[in-house]
Amino acid sequence: MAGGHCGSFPAAAAGSGEIVQLNVGGTRFSTSRQTLMWIPDSFFSSLLSGRISTLRDETGAIFIDRDPAAFAPILNFLRTKELDLRGVSINVLRHEAEFYGITPLVRRLLLCEELERSSCGSVLFHGYLPPPGIPSRKINNTVRSADSRNGLNSTEGEARGNGTQPVLSGTGEETVRLGFPVDPRKVLIVAGHHNWIVAAYAHFAVCYRIKESSGWQQVFTSPYLDWTIERVALNAKVVGGPHGDKDKMVAVASESSIILWSVQDGGSGSEIGVFSLGVPVDALFFIGNQLVATSHTGKVGVWNAVTQHWQVQDVVPITSYDTAGSFLLLGCNNGSIYYIDMQKFPLRMKDNDLLVTELYHDPSNDAITALSVYLTPKTSVSGNWIEIAYGTSSGAVRVIVQHPETVGSGPQLFQTFTVHRSPVTKIMLSEKHLVSVCADNNHVRTWTVTRFRGMISTQPGSTPLASFKILSLEETESHGSYSSGNDIGPFGERDDQQVFIQKVVPITNKLFVRLSSTGKRICEIQAVDCTTISSFTVRECEGSSRMGSRPRRYLFTGHTNGSIQMWDLTTAMDMVNKSEDKDVGGPTEEELLKLLDQCDLSTSRCATPNISPATSVVQHSHLRESNSSLQLQHHDTTHEAATYGSMRPYRESPLLARARRTESFHSYRDFQTINLNRNVERAVPENGNLGPIQAEVKGATGECNISERKSPGVEIKSLRELDSGLEVHKIAEGFSESKKRSSEDENENKIEFRKKGGFEGGGFLGRKKVPYLASSPSTSDGGTDSPGTASPSPTKTTPSPRHKKSDSSGQEYSL
């Protein structure tokens, strides 16, 4: 018994009412009924009035399974209305006071926390863009207008519509696709170019522009789209466009479909067209005036702003890419690095394909999983010095260089580092550093790069600098936009300091900004309105046109309530460079544990060791290790990775809880899942035979990578099909036969590439082309490639980097 707590209150002897014995976490407390019940609607008033069932120990004391150390100052407050912390942190005490419902105490503690936190942010806070209005929905407007504008005939329209996204008919003329439900208010992706940024929401995109005099202004809002956006690209300087050099271009993609708009400075915008890659789009970006889309399956789509021509090219399965000037470099799963000269686009008149040239082949034949190209100051239109760093599926990091004196023999292997035991997922070669990241919880290794007259040197050569981790947990069932909207970096120009952005858990309002070279923490930012950060990016903006002014670097964060917040990283880096404080990296152990209070982690398939229902079954929300989605490690060296359990709101911060009361994502998702199941059930015929739509859905799920997860709606649909007559062994045999046939077709259609030399003399890169790369037929007026000529999917042998999406993640759903 705690002697200082039992019977020590004199009011009990003064007729203040019945004495109540409490057992809080094993420690006995004695107090009066009046002391516990003077605050209405508290935990104690409900407990003593019988509204809450009580559990008593062997002595008859009411047992409360809470922290006794934190309960002591709370009981003292109930007795005296005075607060004595008694060594308990304000944060812990506030959590306990909220549990007990002691409202006066909670208000005092929240006010104490407000002393250090402001709704206007810290000195690094730069601006706030409120959530935009959601545009009105127009039924079938996008597809119809695009077809008429591009002049697609019926065959091409069918090829595009039946590619990978089966549709279900809803009420009236509206058609929607089965897909992963996404909160329509949440900012999925933030991207920027020069003084413009674009925020991608589930069904529309919004462009903002900054001017020194007026600040940030909303310029363009796209029409409402029936499908969910997964990729976005922005070009704020289109040279030679139809409206002069003041044109801007915005593109968004979902699955295989791409839609492109032209935006003028005045805010008016017009749709350029809708294009199809024929396979899921993994990357969407601009190289000059060209819009480029790539897919891991081995397709590259290019649209030129001058010629208005869309072309799709077949290459081998792509595992990485980078850009250098007007060149697109592709790292492929056969160990080769290829490049495409965009200045020679749209096509070579001889055989109607892109100029794809093999640049280098890895000596170990490992897949090229990361690429980084550095153009030295010696490089020019007539120059021929280039440096390329790349990482492989076996964990090797290599640097190859093209010397002026080796023009005819191709790039030479310069350095090799074998410090990673997992596939390399990111690599960056800059002026002063070489940075590589592997799939082991974003393990980072860095080296200093020695240069002589701007070119990499062997004396004394690259030396190890730092080793650290950018721990970042992700949900296994996240939407396809999560990877592009939450990319850790590194961000920044290659001749300047670069940074990583660390988001430890998916549902958090805090980010850590760290130097990419050493891992040193530059700053940590916290949402000013305490809402969850759903996406982020780092861009440099030229806010002033005055002489001597320099671009400033900003961190843009998108939030689940639709707002965008901006943070001044230039000021943060200036402050940290002047500071002499001890270097701090990522979150400390205490900070990490506090962040992990929001979720459960498990190294087994069960979230809890007891027989109670796992929260993963209840909430369908799991966490996994970051960057494990690539799964490019060789089969012989595959290791069992920890599987994180589900998230749950345990000891959730009230600041987060207060903001999340306005976020209805989970209820929205559950509502969509219920309607999804009903629509699929109606679509299955009574006799159990599959109609063409069901067959498409089933085929899409059968061809998907084995590591992908199915959405709950598709799983229920499959079970109903089995119950209505389909036999399990027949399905297994059919899948096995189709997989075998696909493998045979893949071997028959495999493209043989000849190893070519490097750069030819006189040019920046040589003109040695790949002997033959099949070009998908396309029309000069924006036609799409036919699925019948698409290359066989390589995902049977190469896992898709998009595996964290559900099988139906690109398909729309019905309300």
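We count from 1, first residue shown onward.
Every residue, even glycine, has its Cβ placed from backbone N, Cα and C.
In summary, of the candidate residues S32, S579, S621, S664, the record from Swiss-Prot lists phosphoserine for S664, whereas the others have no such entry there. Scan Swiss-Prot for phosphoserine across S711, S776, S786 and the hit is S711. Counted over residue pairs 6 or more apart, the CB atoms of the repeat 'WD 7' (457-504) and the repeat 'WD 1' (174-218) come under 8 Å in at least three pairs, which marks the two as touching.
Mean pLDDT across the repeat 'WD 7' (457-504) comes to 89 in this model. For the repeat 'WD 1' (174-218), the partner stretch with the highest count of Cβ pairs under 8 angstroms, out of 354-404, 412-449, 510-569, is 510-569.
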